[in-house]
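Visitor: Structure below; questions to follow.
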Amino acid sequence: MALERTLSIVKPDAVAKNVVGEIYSRFEKAGLKIAAAKMKHLSRKEAEGFYAVHRERPFFNALVEFMSSGPVMIQVLEGEGAVLKNRELMGATNPKDAAPGTIRADFADSIDANAVHGSDAAETAAVEIAYFFPSTDVYAR
Ligand code: RTP
Ligand code: MG
């Protein structure tokens, strides 16, 4: 497996629930290292730009509304197979389908308020990381 980086976001619902530390702990226990991090309240425009691939989808407005409803924690995770490893830790998009012990099973309330975002491939990870962090703000771990 290759050393990878992936973009992770703790969404507004999970920040509001005060479980950022519990979620970070799961990353660390799985061997993922935090290579960059910041808290940010996304504007509508920033949320639209980030989720631009979904702009034609019926849920786009709700998604943008939710992602700009409160501060999020944005981090770059680094480790062996980081993209897939993070997706496994997150669980399925809809918490009803998420495997027990995953972040979404434990902290998400609905398919909209689903606690975390994670890049879905190495290529999208590179684009998403650059959307939020200049390369000088990402640290090799
Ligand atoms: P994310 O991008 O946030 O990590 O989530 P994901 O890969 O698991 O799911 P994706 O298909 O990329 O969808 C992005 C977010 O849009 C919302 N969604 N709603 N109502 C629906 O059918 C629906 N489908 C997706 C979810 O909040 C999902 O996280
Ligand atoms: Mg996605």
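Along the chain as shown, residues are numbered 1 onward.
Every residue, even glycine, has its Cβ placed from backbone N, Cα and C.
According to TrEMBL:
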ACT_SITE  HIS117  active site, pros-phosphohistidine intermediate
BINDING   LYS11, PHE59, ARG87, THR93, ARG104, ASN114  ATP binding site
DOMAIN    3-140  domain 'Nucleoside diphosphate kinase-like'
Visitor: Between all pairs in LYS11, PHE59, ARG87, THR93, ARG104, ASN114 (listed as ATP binders), what's the biggest Cα distance, rounded to the nearest Å?
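Guide: Result: 21 Å between the two most distant Cα atoms.
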Visitor: Counting Cβ atoms within 10 Å across all protein chains shown, which of the binding-site residues THR93, ASN114 comes out on top?
Guide: ASN114
Visitor: With an 8 Å cut-off on Cβ-Cβ distance and a minimum sequence separation of at least 6, pull the same-chain contacts of the residue listed as 'active site, pros-phosphohistidine intermediate', or say none.
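Guide: LEU7, SER8, ILE9, LYS11 - these are the non-local Cβ neighbours of the residue listed as 'active site, pros-phosphohistidine intermediate', listed in sequence order.
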Visitor: Using a Cβ cut-off of under 6 Å to any atom of ligand 1, determine which of the recorded positions PHE59, THR93, ARG104, ASN114, HIS117 qualify.
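Guide: Correct list: PHE59, THR93, ASN114, HIS117.
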Visitor: Determine the Cβ neighbour count for ARG104 (ATP binding site): the number of other Cβ atoms within 10 Å of its Cβ.
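Guide: Total other Cβ atoms inside 10 Å, all chains included: 23.
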Visitor: Take every residue in the domain 'Nucleoside diphosphate kinase-like' (3-140), average their pLDDT values, and give the whole-number result.
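Guide: In the predicted model, the domain 'Nucleoside diphosphate kinase-like' (3-140) has a mean pLDDT of 98.
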Visitor: Quick one: among the binding-site residues LYS11, ARG87, which has the most Cβ atoms sitting within 10 Å of its own Cβ?
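Guide: Answer returned by the neighbour count: LYS11.
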